[in-house]
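Chemist: Take a look at this one; I'll ask things after.
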């Protein structure tokens, strides 16, 4: 059967919170089959566990924020994206603040951490959410949509009307049957505009944001001396975010995702719309790994890496 996966050993790192500017400790621990991805606020007098789920996402203005009984863990999408890309089903994520450290602004550090810990198959079938009917959410000219598809592919289009962004690829389509997440998506960094960063700092946010963990743009150009990691890094990062946003549903999707100018809020609304229609999806497993979509087999310790 196609099996669930966790990590082999505990692994730790320290990074900066993009909003608080504080030093944050992050520990990844193996978890039993059926656990899912569980975030734990170990800095609190009594640690609080928050399982990743579509219904636990609260605030989506600047990141995907998991919430439970007034306790928050923010900026989970890059780590969730790495877990999706590497096929991690079960994991405990201990964090000493209300946000996951930003690291370099991409998913690459989290991929490295997980690969350093090692990936282990577990004796339980991997559960997929198979989309059976189209589901779509719109907000003005923005939209996000899921269609039935035997595999996992995404098509994302952006439109920032900024000279430096417009010079790069605005549209990207990726099918993970033939594309490496680690090589083609994981290193794409978050990006922001210098004038917005100043406004955010004035209200106590983005205190840890810098060119070490983001692509920063002024009105005309990219300010980072080293430029871009990919020619189409902007749209690739939006896709990286979408992969993480979608993975909070708790299982890998068998679906085709299409989006135009979507963000964390629209992605979460799409998951909620899917879950609201029980006839639009089903949970499936694969007794024969060869019968699963290409890209999900336990190959080179990755999912579609």
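Positions of Cβ are set from backbone N, Cα and C atoms, glycine also.
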Chemist: Out of 19, 78, which is the one Swiss-Prot records at the Zn(2+) site of 237, 241?
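Modeler: Same Zn(2+) site in Swiss-Prot: 78.
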Chemist: Just to verify a number: CA distance, residue 264 (active site, proton donor) to residue 241 (Zn(2+) binding site), in angstrom, no decimals.
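Modeler: Residue 264 (active site, proton donor) to residue 241 (Zn(2+) binding site), Cα-Cα distance: 8 Å.
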Chemist: From the centroid of the CB atoms of 78, 237, 241, the recorded Zn(2+) site, which same-chain residues not already listed sit within 8 A by their CB, in sequence order?
Modeler: 77, 81, 105, 106, 107, 188, 189, 190, 238, 239, 240, 244
Chemist: Counting only residues 6+ away in sequence within the same chain, which have a CB under 8 Å from the CB of residue 78 (Zn(2+) binding site)?
Modeler: 100, 102, 103, 105, 106, 107, 110, 190, 240, 241, 244
Chemist: Show which residues of the chain containing residue 237 (Zn(2+) binding site), separated from it by at least 6 in sequence, have their CB under 8 Å from its CB.
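Modeler: Within the chain, residue 237 (Zn(2+) binding site) has Cβ neighbours under 8 Å at 106, 188, 189, 190, 191.
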